[in-house]
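This report refers to the structure that appears directly beneath it.
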Amino acid sequence: LVDQYVLIQYYNIMCLPRNLICKVGGVSLDGWGQKEYMDISQPLYFTLTFIKFNEKRIYEVDYINVNPADAIKNLQFMLFWYEVIFKSVAFSCLFPLFPVQCNATLSAMEDVVESPDPVSSSSSFSPLECTYSITVYIGYGVEIQVRKVNLSKEESLTIMGYGGRGPELLANETLMREGQVIRSTTNQVYIHYRSLRQTNHGVFSLHYQAFLLSCPFPLSPEGGGVTVTDIHPGGQAHFHCDPGFQVRGHEVATCVNTTQPHWSTPEPQCVAVSCGGWIRNATVGRILSPPPPSLSNHSNGNNLSCHWLIEAKEGHRLHLHFERIALDEDDDKLIVRSGNSSLSPPLFDSDLDDVPERGLLSESSTLYLELTADSSSIPLLLALRYEAFDDEHCWEPYMPHGNFSSSDISYQLGTTVTFTCSPGFVMEQGSGTIECVDSSNPHWNDSEPVCRALCGGELTEPSGTILSPDWPQSYSKGLDCVWQIHGNEEKRIELDVQILNIRHTDVLTVFDGRDLISHVIGQYMGSRERFQVVSGGSEVTIQFQSDPDDSSFILSQGFLIHYREVEPNDTCHTLPQIEFGWISSSHSSPVRGSVLTYQCQPGYDISGSDIITCQWDLSWSSSPPTCVKVQQCPDPGEVVNGARSVRPEAGFAVGTVVRFSCNQGYQLEGPSQISCHGRDTGTPKWSDRSPKCVLKYDPCPNPGVPDNGYQTLYKHSYQAGETLRFFCYEGYELIGEVIITCVPGHPSQWNSPPPFCKVKASFCDDCFTVSQSFEPSHQILSENIALAIILPIILVILLIGGIYMYYTKLEWKPRFWKSLSHTHSYSPITVESDFNNPLYEAGDTREYEVSI
């Protein structure tokens, strides 16, 4: 590749291989004056290497070490896009060296995902990782029900949704409970299981089924409404606006069938038909922010000038309520006049007056509004509510996020109205009770209050509601809100989190106490299904923090939490006894912090975590384990200088057969195959020990037993390397090597000729001859012959004497008298060792005749 440019593009890798290895070598860099060689061969699982490029020159290499235990959690979702131009570069990427241990691709509309079967232990251990991919028809989502989950702290189970705007965390092992239902918003779900345990992996069982997805219910535009035929794919949403407003955008949106169904067009807005207008026979309505100058016919360059005339029936007056208003104090201006022209007397001038809390009352049946704005200023926000009423009544009060009760529904003079806020809202800017006063000019004696969801507060009621700030509108970023709930000292606080839909960078934390240094019960981010949390004491602190630096800030719904006092329960629920095992407890009752240790009977293994703890929220750290009968033998190990084959290949279950073979030049010593047998009691066992592969040589034949001597461990042949030792009988001496060795070869040979036994010279004078039936040339020492004769005689005499004493003392048996003299013939005795070879084997057979 010399003097050539090579374009290399990294592919979009959604899940990085754990052991991606990249090497860059032979890089000739202009300007450095020499060749530089770089070798980055550390597995990506342990080290991430980021190479930054400047045109054709490598100028910086960053190494970021990653904890292997956290690598998958932190790095499994990364995207790489690089277009790199090298000059004179040799580049190669070697992809996974470790095969995927378990995975599955599922496309059925309903199925079950279960934990992998147990694997046998091995000296070379790598983490167990399983990935299950579920893809159903487009327009359907995946509903997963947790039937069983029992994992240890060394295991993780993550459920992710794909196919939308990006990967979405649906659940993980810390949030998963049996019976829980998890729903995806797309048709693609990935389940990733990882275990750092070498044996006794946890278990899980997840049942999934497809369900029909739908588009979210569209929001009604301010100053208008929406009618929906169906929120499932194919359904339509029809938008309309109140009189005086028009739809900006599409009036009809269709639910589109995709991996994540959505409306074909964004929700429209209701804007003023024009910048200003004449509203006749006004009763109740709103005036909203006009269109931007670029869309208005009443603009002059960047300036906006709008005029509204609101005209009620003769004899009625108008009340104008300021719901929302945000004007630039330098460039924007709003004037409200009591009359029908720009010459009428002003009631409000934004340059001179503060926003009236009670609103404005017209002196006649008309109001005239003038608005001027400059588009270069802050965005214009305007929401005014008008209402017509006659001279004998007050206007109808208005209170969003609250309710009111009235003593007279026609609001005549003397009518009192009492306001209350909805749960979770706090009353601000007004009185809780107002009265219609002044017969000459009927009006309320105070302004209507405002109900707002605040950022934090002190709560002492036995039950209540906590809402995210500005609920139901989205909260803003950069918030740090703290709510403190104080209950009865003898009670506990139960939090029912009904809605939790916050951004992944925002945090909701629950503390078991009155301050932020108390024990943390739970910390939550993103979205979750409804769940409950119970405190350990009578006080709870809730903190909500929204990220102030989130560049991709999007509106989010927030959260809705109901709380109430409950009776104390300072123990976890009692767990049943474990079958085929027993439980040891650190405490007499399952109080907070108590530990249960599970053990199984012989022949059974723990499935799940063998230690579980009663946590602060009075829930167990994991589901109780089970004792599962061991159905497999231990790994018999590999054979050195050989190979093995296992059938079936997965594990070593009962019935598995392992066959062994040796490399060329070696031969098996032991069985060629072993099988795994089950037992009623205890664990399964192999039929025999594993064999060995030994060097293959022609054996050395047995050199024979020397006369008047013997060998140890007599065999017909000896393998290369084995030794043979010789001995002589008493009175003989060994001439030659006592030990000889079989030297390998083709054929193998003894390293020395066998020795022989020679009679000692000093011993020959006492020799005598004993006649032998065979081979008279063999000589036996006289002492040995005499001993062989005398001992049997003594034994026979003792036997006769005993029999005589028995019959003379007890009873007489005539049949006792029999001949006691005859010839005995002795057969040689063969003794076999554990090796199925005679420990001692006579070189010949002799018979002796003895007369008594």
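Just so you know, glycine gets a Cβ as well, placed from its N, Cα and C.
TrEMBL names the disulfide partner of Cys633 among Cys572, Cys676, Cys693 as Cys676.
Of the listed cysteines Cys614, Cys627, TrEMBL assigns the disulfide bond with Cys600 to Cys627. Regional average pLDDT for the domain 'Sushi' (570-629) in the model is 85.
For the pair Cys676 (disulfide bond) and Cys627 (disulfide bond), the C-alpha distance works out to 21 angstrom. For Cys633 (disulfide bond), the count of additional Cβ atoms within 10 Å of its Cβ stands at 23 [all protein chains shown]. In this structure, the CA atom of Cys627 (disulfide bond) is 17 Å away from the CA atom of Cys633 (disulfide bond). You'll find the Cα of Cys633 (disulfide bond) roughly 17 Å from the Cα of Cys600 (disulfide bond).
For the domain 'CUB' (455-566), the number of residues in each DSSP class (helix H, G, I; strand E, B; coil) is 0 helix, 59 strand, 53 coil.
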